[in-house]
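Annotated in Swiss-Prot:
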ACT_SITE  Lys65  active site, proton acceptor
BINDING   Ser14, Arg15, Ser16, Thr61, Asn86, Asp102, Tyr215  shikimate binding site
BINDING   Gly126, Ala127, Gly128, Gly129, Ala130, Asn149, Arg150, Thr151, Phe152, Ser153, Arg154, Met213, Gly238  NADP(+) binding site
Amino acid sequence: MDKYAVWGNPIAQSRSPQLHRYFAKQTRQNLDYVAILGDEEKFEQQLSDFFAQGAKGCNITAPFKERAFKLAQQHSKRCLSAESCNTLKKLADGTLFADNTDGAGLVSDLQRLNWLKPNQRILILGAGGATKGVLLPLLQAQQNILITNRTFSRAEDLAHKFNHFGTIEALDLEHIPIQTFDLIINATSTGLQGKTIDIDPQILQLASAVYDMQYSKESDTPFIALCKKQGVTKISDGFGMLVGQAAHAFYLWRGVMPEIDPLFSGNEIKI
């Protein structure tokens, strides 16, 4: 049985194992997929041991996406643009191929929600690996991107790096203009610690829609809870993005694209 996993820290909240087992059953693939807690001090050695033991591939989540990118010998174009990876595949020659399916997952979910229209103003909170992975697909979808981050220089660096792909600008977190954004995307990992980014509540109140890349099976994420408190009604967590990126990762590994619509139809048991 082929072995796969998702690496992160924390990782207990991950629904990736259930998703990939669902995909495997649906497509009649013989594989096992587990969640593994990465050690922030020993991650590279852990990952090396994982593949040395015969594993075929894995997903990478916070805080290891940029570190995993550096471990791979080959990269997809979208992965190179992000300098961050969420999917690794062991090739026949033993080398690691890195891909980033986060952007494809986000765009497909925004399309499913009918939230993706040309020339929208999208404010992205955070400038880490999660943001890097989605910028190129959003810019290719003709979105106008504004990035803010607690460390402003990181937002500036990203805006400079991606400005030849489309309209993108960095904003100081403490000086975001009070105006309506078509969509606010939370790409920070603060929710994993039960926290939220410190943002002026008026900005949330004026938002046409809010999307949190994080997700929670049991309750609202801290960011979604904050948005609801501010009266925002058009809200989505990142479960649909998780499903989309997982489907693209599964296709990379197995060569078959699973059907994801049943997961949102109400006719299947939710993952």
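Using N, Cα and C of the backbone, Cβ positions are placed for all residues, glycine too.
Distance from the CA of Lys65 (active site, proton acceptor) to the CA of Phe152 (NADP(+) binding site) is 21 Å. Across the residues the record lists as binding NADP(+) (Gly126, Ala127, Gly128, Gly129, Ala130, Asn149, Arg150, Thr151, Phe152, Ser153, Arg154, Met213, Gly238), the two Cα atoms farthest apart are 26 Å from each other. Rounded to a whole value, the Cα-Cα separation of Tyr215 (shikimate binding site) and Arg154 (NADP(+) binding site) is 24 Å. With respect to their backbone Cα atoms, Lys65 (active site, proton acceptor) and Asn86 (shikimate binding site) stand 6 Å from each other. Within the same chain, residues at least 6 positions away in sequence whose Cβ sits under 8 Å from that of Gly126 (NADP(+) binding site) are Ile147, Asn149, Asn186, Ala187, Thr188, Ser189, Ile197. Spatial neighbours are here defined as Cα atoms within 10 angstroms of one another, and by that definition the neighbours of Asn86 (shikimate binding site) among the binding-site residues Gly128, Ala130, Arg150, Arg154 are Ala130. Other than the site residues Ser14, Arg15, Ser16, Thr61, Asn86, Asp102, Tyr215, same-chain residues with C-beta atoms no more than 8 angstroms from the centre of those residues' C-beta atoms, the shikimate site, are Val6, Gly8, Asn59, Leu242, Gln245, Ala246. Taking the C-alpha positions, the distance from Ser16 (shikimate binding site) to Ala130 (NADP(+) binding site) comes to 16 Å. Residues near Arg154 (NADP(+) binding site) in space but far in sequence (CB under 8 A, at least 6 apart, same chain), listed by position: Ala127, Gly128. If you take the C-beta of Gly238 (NADP(+) binding site) and look for same-chain residues 6 or more apart in sequence within under 8 angstroms, you find Asp109, Tyr211, Asp212, Met213, Gln214, Tyr215. Recorded residues Ser14 (shikimate binding site) and Arg150 (NADP(+) binding site) have their alpha carbons 26 Å apart, per Cα-Cα distance. Max Cα-Cα distance over the annotated shikimate binders (Ser14, Arg15, Ser16, Thr61, Asn86, Asp102, Tyr215) is 16 Å.
The Cβ of Asp102 (shikimate binding site) lies under 8 Å from the Cβ of Ala82, Asn86, Ala130, Gly133, Val134, Met241, Gln245, each on the same chain and at least six residues away in sequence. It is Phe152, among the binding-site residues Phe152, Tyr215, whose Cβ has the fewest other Cβ atoms within 10 Å in the structure shown.
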